[in-house]
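Notes follow the structure.
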Amino acid sequence: MDLSPKLASGSQKNREQSPTLLFSSPPRIPQRSSSSSHSSPSSSNTVYSDRFIPSHTGSNFALFELAHSTSSSSPSPEGDRVSSRTRYDSSGAYAAALRSVMFGLDDGGRCWKEESTSGSSSSTTSPNGNRNIFRYKTDVCVRERLGAVFQDDEPLFGAIKTPINVSRKVPPSPYKVLDAPTLRDDFYLNLVDWSSNNMLAVGLGNCVYLWNACSSKVTKLCDLGVDNSVCSVGWTQKGNHLAVGTNSGNIEIWDPFKCRNIRTMGGHHLRVGTLAWSSSVLSSGGRDRIILHHDIRTPSDCIGKLIGHKSEVCGLKWSCDNRQLASGGNDNQLLVWNQHSTCPVLKYSEHTAAVKAIAWSPHSYSVLASGGGTADRCIRLWNTCKNSRLNCVDTGSQVCNIGWSKNINEIVSTHGYSQNQIVVWRYPSMSKLATLTGHTYRVLHLAISPDGQTIVTGAGDETLRFWNVFPSTKSQNSSRDIGSTCLGRSHIR
């Protein structure tokens, strides 16, 4: 049933009692004659439209004291001035703050002047001396004015003095510790990796173990034998295959669900200390100073070779868009390769020690972070698109690993000699957000959980420690410490 005609043809009394919203045709506004233009309005001339326009006739703006100005047209009587003064005393602080923020007026009704970046006063003021309320401010921020107002001894009307940007708290202790016997204390190896399926792979001696983060179940994936040992592990992006670099120079591809070796690839003459996946292409770096590309879809063991380092390759990372490969070596060099190059397209020689710690920003694909060893101790930031150095920070300790949060623009680094600490950095200021301690040996291994909130660190003290350092994607500013309660200590094997 169509209700529009009934709403439009209601009685005059009903229309005067409440406004009517019409859904049919636009309202017809009657034309007034010149003779009746000065007559008093009556209820018969009331016109309703399809928009609700509130009436402010009953509002008392004098309560807010917003009309206060030094340019009054005529002085008010003495009684009015006393009454106005009394009202201003009762709400003067609030009125002054509101007036200064909205209209740029000080207590005397004068307009505040904004200074531009060149130092000249802003000319974007209205003819009556008030600045435009809704305009962008580059130098004078409303937040700064409010902060200056709320720094008084007495808060306004019970307002709570709290900083605008509350620092996020990082739990200082790990929420879980796993014993990892025979986890090697070797700076050039990469023995821990966390898959997108929430499976943690750890190389212990000549074996690889899988720890299910959901069920805490431990599975022994493989045993290389007494004559061989694990030097690196690396998951594919989908988490359906695990690559294992060995001391003999071979690379084994394993199916973690069936615990079955599906392929073994050669090419290196010495141990394979680092691995990096780009879709189905696996890049490996070894002590023989070369980088090899392997495609698990082809029968050939090697589809490309990169020669550029003069010592062992100990760090490899593909960029998030899989267009650039960064490699670090014991020759103190950081090299950047593209997908088709056989020679490095960029070469950075500023580090004075081995470069193992490498991380690409997931927020800006051309931003690269690298860390140097004991003689260097610096985290350096680069823009590979512009071939420029962005920043350099002396951390005070050997930089063993770097990880970049995908949920927030922050970096976590693990360190060795001599402090063995874990540091969370804000980017791009590179100011310290938190420093975590607990390991008694160098923190050589680092991996980030698939949800981006938890990191796991491994050290020569043969322990794996789990820390909540990053917020979730849904609540980056939440102060909730998820899993901060220690869950005890257990064994990974």
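Cβ from N, Cα, C; glycine included.
Annotated region 'Disordered' per TrEMBL: 1-51 (among others), in sequence order.
According to TrEMBL, the feature compositional bias 'Polar residues' maps to 9-23 (among others).
Taken from TrEMBL, the feature compositional bias 'Low complexity' covers 24-44.
Taken from TrEMBL, the feature region 'Disordered' applies to 69-88 (among others).
Annotated compositional bias 'Basic and acidic residues' per TrEMBL: 78-88, in sequence order.
The domain 'CDC20/Fizzy WD40' annotation in TrEMBL covers 178-467.
Summarising the annotation, TrEMBL assigns repeat 'WD' to 223-255 (among others). Within the chain, the repeat 'WD' (223-255) has long-range Cβ neighbours (under 8 A, six or more residues past its boundaries) at 184, 189-197, 199, 201-208, 261-277, 279-280, 282, 284, 286, 288, 294, 296.
Look at TrEMBL and you will find 306-338 (among others) tagged as repeat 'WD'. Within the chain carrying the repeat 'WD' (306-338), a Cβ under 8 angstroms from the stretch's Cβ atoms is held by residues 187-188, 190, 273-279, 283-287, 289-293, 344-349, 351-362, 365-366, 368, 370, 372, 376, 380, 382, 384, all 6 or more beyond its ends.
What TrEMBL records for 436-469 (among others) is repeat 'WD'. For the repeat 'WD' (436-469), residue counts in helix, strand and coil come to 0 helix, 19 strand, 15 coil, using DSSP.
If you look up TrEMBL, you'll see 473-493 (among others) marked as region 'Disordered'.
Residues or ranges marked as compositional bias 'Polar residues' by TrEMBL: 473-482 (among others).
Residue counts for the repeat 'WD' (223-255) under DSSP, helix first, then strand, then coil, are 0 helix, 17 strand, 16 coil. Mapped onto DSSP helix, strand and coil, the repeat 'WD' (306-338) counts 0 helix, 19 strand, 14 coil. Across the repeat 'WD' (306-338), the model assigns an average pLDDT of 97.
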